[in-house]
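Student: Got a structure here, written out as structure tokens. Questions coming.
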Amino acid sequence: MRNVPNYHHSYFILFIIILFLAFSVYASNFSATESLTISSNKTIISPSQIFELGFFNPDSSSRWYLGIWYKIIPIRTYVWVANRDNPLSSSNGTLKISDNNLVIFDQSDRPVWSTNITGGDVRSPVAAELLDYGNFVLRDSKNNKPSGFLWQSFDFPTDTLLSDMKMGWDNKSGGFNRILRSWKTTDDPSSGDFSTKLRTSGFPEFYIYNKESITYRSGPWLGNRFSSVPGMKPVDYIDNSFTENNQQVVYSYRVNKTNIYSILSLSSTGLLQRLTWMEAAQSWKQLWYSPKDLCDNYKECGNYGYCDANTSPICNCIKGFEPMNEQAALRDDSVGCVRKTKLSCDGRDGFVRLKKMRLPDTTETSVDKGIGLKECEERCLKGCNCTAFANTDIRNGGSGCVIWSGGLFDIRNYAKGGQDLYVRVAAGDLEDKRIKSKKIIGSSIGVSILLLLSFIIFHFWKRKQKRSITIQTPIVDLVRSQDSLMNELVKASRSYTSKENKTDYLELPLMEWKALAMATNNFSTDNKLGQGGFGIVYKGMLLDGKEIAVKRLSKMSSQGTDEFMNEVRLIAKLQHINLVRLLGCCVDKGEKMLIYEYLENLSLDSHLFDQTRSSNLNWQKRFDIINGIARGLLYLHQDSRCRIIHRDLKASNVLLDKNMTPKISDFGMARIFGREETEANTRRVVGTYGYMSPEYAMDGIFSMKSDVFSFGVLLLEIISGKRNKGFYNSNRDLNLLGFVWRHWKEGKELEIVDPINIDALSSEFPTHEILRCIQIGLLCVQERAEDRPVMSSVMVMLGSETTAIPQPKRPGFCVGRSSLEVDSSSSTQRDDECTVNQVTLSVIDAR
């Protein structure tokens with residue numbers, strides 16, 4: 001007899017599934033007779049199941065919030081939070097419509113959040129609905145059009161701007177000044193320190209505030225992007241717009257393609273970033289972010305100064321201006337500049353054209369979008385208070401006019417992007433074109449004669465060389481044994497040593513030996529801050545009271561000159577808030593010294609591995625330090641003019657300023673990479689044991705992934721408070737990586753955390769954030785370089801709790817004791833013991 005399908009049984013199962021779904025979620029509508037409770041685990045879902053609204057508790061804490069997140073994206077990404085500053089303290093909260101308002105009630109039936117619509121504005125009955133573009137609205141139940149909206153979440157953003165959402169001032173909708181405010185931390189939705197605000201005076205622009213202080217300025221809207229965001233390049237699926245009229249001054253964007261999801265968010269560390277979901281990679285991709293480097297800091301170079309990240313010092317005076325204060329030893333242009341010659345205001349003044357610039361702060365400006373550049377110049381010359389002018393729109397050759405009537409500050413120069421800025425200067429500071437032409441002609445003739453003489457001399461020298469025996473000097477043998485960059489640096493240092501009084505090569509302020517001797521109390525041991533592989537670092541004070549750190553190169557070091565020239569060459573061109581700042585150098589009396597900014601809190605290792613000082617490093621400070629180091633490394637790998645591999649990242653090479661801001665230092669081992677290069681090989685393996693990647697320590701192969709490995713080791717050291725090198729666990733583990741990996745596999749990750757953090761945080765211990773950091777650290781120290789993430793991915797993982805993080809594979813140099821050493825009664829080794837090349841009895845440590 002044939003088997004007959006049991007259709008009744010199938011229908012019953014289908015009925016149960018439908019019934020379960022009905023009790024699990026709501027539709028997009030939410031009526032006055034319904035309620036949403038935490039205990040029921042019910043949610044409201046938009047019609048196309050793109051967004052979802054419900055209660056959530058980050059990090060499995062006791063704090064409950066009402067929020068909106070992407071349902072269609074597998075990673076939980078929150079885009080709006082209702083009661084961010086007044087969470088529910090238990091899981092007995094309820095959302096319901098009460099008195100024609102959306103209200104959240106706690107377990108005692110007390111309201112903790114409400115839409116606060118007054119009675120006169122409400123038309124009964126009302127309903128709530130979650131729309132497909134992420135807007136949660138309270139509306140007239142008989143009118144589902146925008147005209148029927150009584151309240152909407154889009155008017156009260158948190159840290160995220162969605163498609164069709166507005167940021168800025170909107171008097172049209174009732175006087176809303178919509179701002180973004182960051183989460184306090186990645187696991188705490190409460191209002192953080194950072195916010196975006198719009199200034200409508202002059203030429204409107206957005207500012208990022210850290211509490212009450214401005215940290216970054218977007219620059220004015222130039223028709224297709226903001227002046228200070230050159231990375232805000234047009235993409236085919238995003239339409240950006242900026243509306244400015246009597247009713248509103250707002251920025252918004254629209255994602256014009258289906259199945260593409262993109263957000264603008266303000267992170268808990270103050271980064272404004274554009275993220276787009278990549279379906280293939282199942283992760284958020286960071287398209288751009290701001291602020292990006294030291295030049296993005298607000299008013300970094302003072303009045304009439306401009307910042308250029310590719311020069312040293314980064315602050316420069318506009319032509320026709322000079323530094324406000326000439327310091328006796330080291331010049332500091334951040335104080336600003338002043339005019340060399342006073343304006344005449346009689347029509348003889350002219351303009352200096354600055355290309356590829358970020359426009360100055362536009363608070364004191366006047367705008368006329370109806371005239372062109374020529375009329376703008378004429379208008380500027382007629383008013384003596386006019387200091388500069390530019391186009392308001394850079395599209396189609398430029399149009400409109402903006403005129404500055406006060407000081408010019410917060411200007412920077414870009415390698416790419418930016419626009420022309422015309423700065424008014426006195427006639428005497430404008431070089432006559434005819435004189436300039438004569439100089440060029442004279443210089444050309446002189447150069448031609450010099451080249452001819454050089455050719456003749458070279459010809460006779462070459463003939464003489466053919467008759468002589470080639471002699472290889474010891475220094476040439478040494479040079480040939482080095483890699484290509486070191487060849488270049490040794491040659492440069494040799495040629496430079498014979499010309500110690502010339503400054504063209506370094507483009508840095510040079511100081512005399514006696515000035516540094518005086519500043520450091522004749523290099524007194526009382527002024528000694530520390531000692532590295534190539535010399536001693538002293539604390540010093542200049543005559544103007546400025547504190548400095550002086551790195552005095554050891555005369556006994558055979559490699560010191562190479563590293564000195566390398567460090568000068570690299571750091572002079574690197575400017576970032578998380579990189580140590582080089583102020584000058586000294587090549588005098590047979591000595592070579594570097595002068596850095598003095599950082600009050602010394603190196604990270606002096607705090608991290610000190611039993612007393614480590615108590616000052618709570619988890620939030622450690623997390624901020626981790627983020628800062630990551631940003632500095634990302635700048636070296638991706639955002640600087642030349643790609644740089646540090647090769648010696650470790651705790652002692654991270655310095656801390658008075659605010660505990662981390663700054664990567666010691667570039668003596670660093671290598672410059674071409675943009676197309678991915679890895680290089682060297683026969684001279686340098687670095688520090690405990691931080692070297694396997695491929696570098698064993699084969700001399702290094703790349704960005706080598707630095708990522710070092711960063712991973714450092715991250716795990718910061719979390720655990722233990723050194724990787726010299727770590728000794730008498731039971732099973734011979735290094736920190738093995739210790740962390742074993743606890744990770746056993747599900748006991750939190751046991752590796754420095755106990756000081758656990759004691760300090762007690763009930764508010766951010767478990768989820770720390771677990772993410774441990775996982776990121778393990779990803780960075782994976783044995784195979786291709787498995788490790790790049791630093792841009794690390795930054796995204798650190799900055800967003802919603803980003804998917806892969807499961808890590810075995811770390812490099814992860815070695816544990818064999819079972820014979822652990823327990824003499826056992827003759828077998830555990831299968832999950834992590835080894836390298838099956839060696840279990842040898843001590844193998846990351847170099």
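Here the Cβ of each residue, glycine as well, is placed from N, Cα and C on the backbone.
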Student: Which of C307, C315 is the other half of the disulfide bond that Swiss-Prot records for C295?
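Tutor: Within the candidate set C307, C315, Swiss-Prot assigns the bond with C295 to C307.
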Student: Just to confirm what the record says: which one of N256, N659 has N-linked glycosylation site annotated in Swiss-Prot?
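Tutor: Among N256, N659, the residue Swiss-Prot annotates as N-linked glycosylation site is N256.
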Student: Quick test of reading the record: Swiss-Prot lists a disulfide for C376. Which of C384, C386, C401 is on the other end?
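Tutor: Cross-referencing Swiss-Prot, the cysteine bonded to C376 turns out to be C401.
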Student: Report which of N171, N501 appears in Swiss-Prot with the annotation N-linked glycosylation site.
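Tutor: Candidates were N171, N501; Swiss-Prot attaches N-linked glycosylation site to N171.
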Student: Count the CB pairs under 8 A between the domain 'Protein kinase' (523-813) and each of 32-151, 291-327, 345-426, then give me the winner.
Tutor: 291-327
Student: Out of S652, S665, which has the highest number of nearby Cβ atoms, where nearby means within 10 Å of its Cβ, if these are the modified residues?
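Tutor: That would be S665, with the most Cβ atoms nearby.
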Student: Roughly where does the topological domain 'Cytoplasmic' (461-847) sit in mean pLDDT, to the nearest integer?
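Tutor: Average per-residue pLDDT within the topological domain 'Cytoplasmic' (461-847): 73.
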Student: In the domain 'PAN' (345-426), how many residues does DSSP put in helix, strand and coil?
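Tutor: Looking at the domain 'PAN' (345-426) with DSSP, the answer is 13 helix, 33 strand, 36 coil.
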Student: Just give the helix, strand and coil counts over the domain 'EGF-like' (291-327), going by DSSP.
Tutor: 3 helix, 11 strand, 23 coil
Student: Taking the Cα atoms as reference points, how far is S665 (phosphoserine) from S652 (phosphoserine) in Å?
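Tutor: S652 (phosphoserine) has its Cα 9 Å from the Cα of S665 (phosphoserine).
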